[in-house]
Amino acid sequence: MTELRFPEGFVWGAATAAYQIEGAVAEDGRAPSIWDTFSRTPGKVFQGHTGDVACDHYHRYAEDVALMADLGLRAYRFSVAWPRIRPDGTGPVNPRGLDFYDRLVDALLDRGIDPIVTLYHWDLPQALENQGGWTARETAEHFADYALAVHQRLGDRVRTWTTLNEPWCSAYLGYGNGVHAPGGRDAGAAFRAVHHLLLGHGLAARALRAAGAEVVGITLNLADVQPADAGSAADAAAVRLVDGLQNRIFLDPLTGAGYPDDVLAHVARIVEPDFVRDGDEKVIAAPLDLLGLNYYAPTYVAGRAGGAGSSAYPGTEGGVEFLPPVGPLTDMGWMIEPAGLTRLLERVAADYPGLPLIITENGGAFPDRNTEGTGWVADTDRVAYLDGHLRAAHEAVARGVDLRGYLVWSLLDNFEWAEGYRKRFGIVHVDYLTQRRTPKESARWYQEVISRNGL
Ligand code: PNW
């Protein structure tokens, strides 16, 4: 009996990213990315884990697509590895790298699964990092060239293109606090990176559209920022600042309003924003057909003199307190608060109207409970997480939000960046010794949800 039905044509799917699942890092002409370098740097990734083998998806993609078909997925979001396509970041295209995605797309289409391509999920060619990476303006141009090369090969079969995944992470974690590759720790560099990522998005979006791409979008990890005390003016100011640094700094220029004045003033206290040139904001405002939203947990802040702030939000040190997560937590230590997803969807729909939304990632890391004998892995806590968040998404739809689909993170357990393989997000269990895939209880549950188009 269906209690909650989603709109007709609602897109159900799952998401992954190249470096997290593919492995085969030295095959068919792929060159190192910043994540190959970073994961080999002692102390950066849990127990020195790397993506060298990961889920060996590069060789097992056919089996994985069969698994997706078995689960009834209508869409699959994957990312293309730039260092497979243009190993030096720029220069000649490597056809063998494109061949892999060609085979993958055909396998998906054979099974009636709609491919959703992410062009950049953090694996910048190391050769480009050596020239400044995203702190260098040229990287934005190289990105657009690379995007076009991928479109030239796959554009006849792929309808939906997204440029960047979570530029907030690339910039603030990659160049600001050093938690992600390339490991930079410089707040000014983080803001330069924000701008060049957005510029790269705009240039690529324009090029893709000119080449005939049907749907062009971007994926952001927006924050549902909440005050510790709803009545406190200081807390409201802290919310405004964090919202500016994570949400409006991306959404405003993407939707044509340019950078918000309060955010620019904040940036200017840290670095002279001379990297923003005349005309850039116009490029960044290239028309968007779709906004992908990744949501995992809410962010609670208080405004407090001397507050510790967060290294992931430059300039919050000394004035903002990020509250420790409370209540039930996932294995990442992240709060479980489905209502945050409803709030976020409604807020984006209200403040940036007319933009179709899709949840490009949502899911939870939970410790593995291997009940091998039963033929699946019992992940009741993940089922509860997903159920709660789908109800929250439905609530937003019921209140009028134009939400087009939901992609669970992730299809497979995979390389969870700085956490290595110790955190498992998959609805399908991966045994890294044998590469055996076992659908978890959540995969069976999701299969049911999809077949009923609801809960
Ligand atoms: C996202 N944070 O990463 C990524 O898009 C995925 O590749 C990743 O596996 C998934 O979420 C789970 O972590 C994030 O610190 C990493 O706020 C870190 C943060 C947010 C998202």
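Each Cβ is built from the backbone N, Cα and C atoms, and glycine gets one as well.
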Residue in Asn165, Asn177, Asn221, Asn247 which TrEMBL records at the substrate site where Gln20, His121, Tyr296, Trp409, Glu416, Trp417 also bind: Asn165
Cα within 10 Å of Glu361 (active site, nucleophile) - qualifying binding-site residues among Gln20, His121, Tyr296, Trp409, Glu416: Tyr296, Trp409
Cα-Cα distance linking Glu166 (active site, proton donor) and Trp409 (substrate binding site), given in Å to the nearest integer: 14
Neighbour-count leader, CB within 10 A, binding-site residues: Gln20, Asn165: Gln20
Between Glu166 (active site, proton donor) and Glu416 (substrate binding site): CA-CA distance (Å): 15
Sparsest-packed of the listed recorded positions (Glu166, Glu361, Glu416) - C-beta count within 10 angstroms: Glu416
Distance in Å spanning the most remote Cα pair of Gln20, His121, Asn165, Tyr296, Trp409, Glu416, Trp417, given for substrate: 18
Trp409 (substrate binding site) CB neighbourhood, other CB atoms within 10 A: 24
